[in-house]
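Peer 1: Residues or ranges marked as N-acetylalanine by Swiss-Prot on the basis of similarity to another entry: 2. Look at Swiss-Prot and you will find 36-46, 97-109 tagged as compositional bias 'Basic residues'. Summarising the annotation, Swiss-Prot assigns compositional bias 'Basic and acidic residues' to 55-79. Per Swiss-Prot, the feature phosphoserine maps to 60, 63; the stated evidence is similarity to another entry. Annotation comment: Swiss-Prot describes 80-92 as compositional bias 'Acidic residues'. Positions annotated as substrate binding site by Swiss-Prot, on the basis of sequence analysis: 231, 339. For 251, 262, 459, the entry in Swiss-Prot reads divalent metal cation 1 binding site.
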């Protein structure tokens, strides 16, 4: 439209310019000359309009080209958007989609840092965590195989119904695996036991994404040395230093929603203990292999003892038969309950009770060069609220306050004095003793064999799922 108006204006100017020229051609104007002039003007006016039209056509052509290019760009962007949707990398339209895609690409899938600091739940944003080692159940006493469980539709449905529970265990187990791998990269002689425990626990809290009673540490880090087999963690002021000739049992736990992973291993620097570690690891794996639905607990203990006692170890020129520590054992695990009632012996005898479908067990074995029996020794550091205790009236305000702190932060999970210190508690020893005397809290002092002996431990958590047995804490290390 603008092009047409421009052409008309241009024609008017031509008329004004031509009038003087026409008048100069003659003084008298005849009708014929006037007609000629009129035709000439009309012709030139047409030419001007034609020129304007050409310009309009040119502009229209340019607009068409631009529109075509724009459509082409839009089609290309839509194609890119479709590709992004297929890859799950973007959900915007056109340029916005491209921008989103770039942003996501830049961020990428999260990977673990060194040292580990990214929570396990962030590494697996879909909420599905790595499974442990899945094993077929052992044959029954009459020789029948348990392979049918893996294909049974009923058992598959039951297994799927508890998937959320199994998944909580797997998240806690993955945190345990990554923490212990990290610990093995830096633990060395010369470090204090407090330094080792605090560094381990700090990492564990990050990976499990500690959140009150919903996620966190299941019990204090055990770092029992030499003849001490279990339940030692340093209290404030403990100056014990890890030595080259020490044999250290690292036993720590993680939990998600009270689903506890109880898993332990032994650290040594002197190769003279290698056979002792091999014996205990073999015994633990034997216990795991024998465990299963309808298996008697005493049969598991008998198999463990047989394997462990088949080993002899020479330390400093003296030969010892490796003995299982008879008054230590594995145990069933319940929600927020590390010892849920059933015990898995590591020697012949014990309960004839059977393992049941859906149960969770900590299979742990302890080997010793001493008597193979432990007793309470040293200062107590581990405590745990009694799971079955009812309401007990408390008079002392300090004791009441401490119980509230325990209920809010630990519930029925085990804790240690260092953790009370960390919460800002002070002068609590009398209140803690009072809670123990009332039976509300149980103390768990360090358990030791005779002085001069050496003890080792390995432990895994297993899930007795309807379809198979899952060694959920299994890793590449053990």
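Yeah, the Cβs are placed from backbone N, Cα and C, and that goes for glycine too.
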Peer 1: Apart from 251, 262, 459, which residues in this chain have a Cβ no more than 8 Å from the mean position of the Cβ atoms of those residues at the divalent metal cation 1 site?
Peer 2: 222, 252, 253, 263, 264, 362, 364, 457, 461
Peer 1: Please compare the binding-site residues 231, 339 by how many other CB atoms fall within 10 Å of each one's CB, and tell me which has the fewest.
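Peer 2: Comparing Cβ neighbour counts within 10 Å for the binding-site residues 231, 339 gives 339.
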Peer 1: Out of 251, 262, 459, the binding-site residues in the record, which is closest to residue 339 (substrate binding site) when you go by Cα distance?
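Peer 2: Of all the candidates listed, 262 is nearest in space.
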Peer 1: So of all those binding-site residues, 251, 262, 459, which one's Cα sits nearest to residue 231 (substrate binding site)?
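Peer 2: For residue 231 (substrate binding site), the spatially nearest of the binding-site residues is 251.
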Peer 1: For the binding-site residues 262, 459, which one has its C-beta crowded by the most other C-beta atoms within 10 angstroms?
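Peer 2: Ranked by Cβ atoms within 10 Å, first place goes to 262.
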Peer 1: Through the lens of DSSP with three states only, how would you label residue 339 (substrate binding site)?
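Peer 2: Where residue 339 (substrate binding site) sits, the three-state DSSP reduction gives coil.
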Peer 1: What three-state secondary structure does DSSP assign to residue 231 (substrate binding site)?
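Peer 2: For residue 231 (substrate binding site) - judged by DSSP and reduced to three states - the answer is coil.
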